[in-house]
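S.K.: Just lifted these from Swiss-Prot, have a look:
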- SER2: N-acetylserine (MOD_RES)
- SER2: phosphoserine (MOD_RES)
- 47-82: domain 'EF-hand 1' (DOMAIN)
- ASP60, ASN62, GLU64, GLU66: Ca(2+) binding site (BINDING)
- 83-117: domain 'EF-hand 2' (DOMAIN)
- 129-150: region 'Disordered' (REGION)
- SER134: phosphoserine (MOD_RES)
Amino acid sequence: MSGELSNRFQGGKAFGLLKARQERRLAEINREFLCDQKYSDEENLPEKLTAFKEKYMEFDLNNEGEIDLMSLKRMMEKLGVPKTHLEMKKMISEVTGGVSDTISYRDFVNMMLGKRSAVLKLVMMFEGKANESSPKPVGPPPERDIASLP
């Protein structure tokens, strides 16, 4: 049992191989988008697809090629916009068209390149700006008295 368990959660070489395999799969999907006539007029498509692939791999926590509810929750918290369980379910439903409980890479790229207004798309676009504009305070919090509390 401990041998099975250690193989499932092993890092190092096995994790590197897993990530390399995932990257090849996503690169193959990117090639499909590059060959698709529907996206031929998209500006800077190769650069965008590369950026989308990196973000997707960062938030695909279980390395199964899908962003599930917990991965989305972590992504939103990391971006500084935590959402409720219900809001995240609605986001996933909007991105997948209500077909799935997880966001596949194809759904993710379609959402990012599509004309639909998705909350997730806006968050991903402005991720860098939001993090730069609100630096986290350092040191202990300032002292407050009871009169200053709401």
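Using the three backbone atoms N, Cα and C, a Cβ is placed for every residue, glycine included.
Note that the structure is a prediction, hence the values are computed from the model and not measured.
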S.K.: So how many other Cβ atoms are close to ASP60 (Ca(2+) binding site), meaning within 10 Å of its Cβ?
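M.R.: Here the count is 22.
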S.K.: Around GLU66 (Ca(2+) binding site), which residues of its chain at least 6 apart sit with Cβ under 8 Å of its Cβ?
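M.R.: Looking at Cβ-Cβ distances below 8 Å from GLU66 (Ca(2+) binding site), excluding near sequence neighbours, one finds ASP60, THR102, ILE103, SER104.
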S.K.: List every residue in the same chain as ASN62 (Ca(2+) binding site), at least 6 positions away in sequence, whose Cβ is under 8 Å from its Cβ.
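M.R.: Set apart from ASN62 (Ca(2+) binding site) by at least 6 residues yet with Cβ under 8 Å, we have ASP68, SER71.
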S.K.: Validating a neighbour-count step here. Other CB atoms within 10 A of the CB of GLU64 (Ca(2+) binding site): how many?
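M.R.: GLU64 (Ca(2+) binding site) is surrounded by 12 other Cβ atoms within 10 Å.
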S.K.: Can you tell me the three-state DSSP label for GLU64 (Ca(2+) binding site)?
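M.R.: Its secondary structure by DSSP: coil.
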S.K.: Other than ASP60, ASN62, GLU64, GLU66, which residues of the chain come within 8 Å of the Ca(2+) site, judged by Cβ distance to the Cβ centroid of those residues?
M.R.: LEU61, ASN63, GLY65, ILE67, ASP68, SER71, THR102
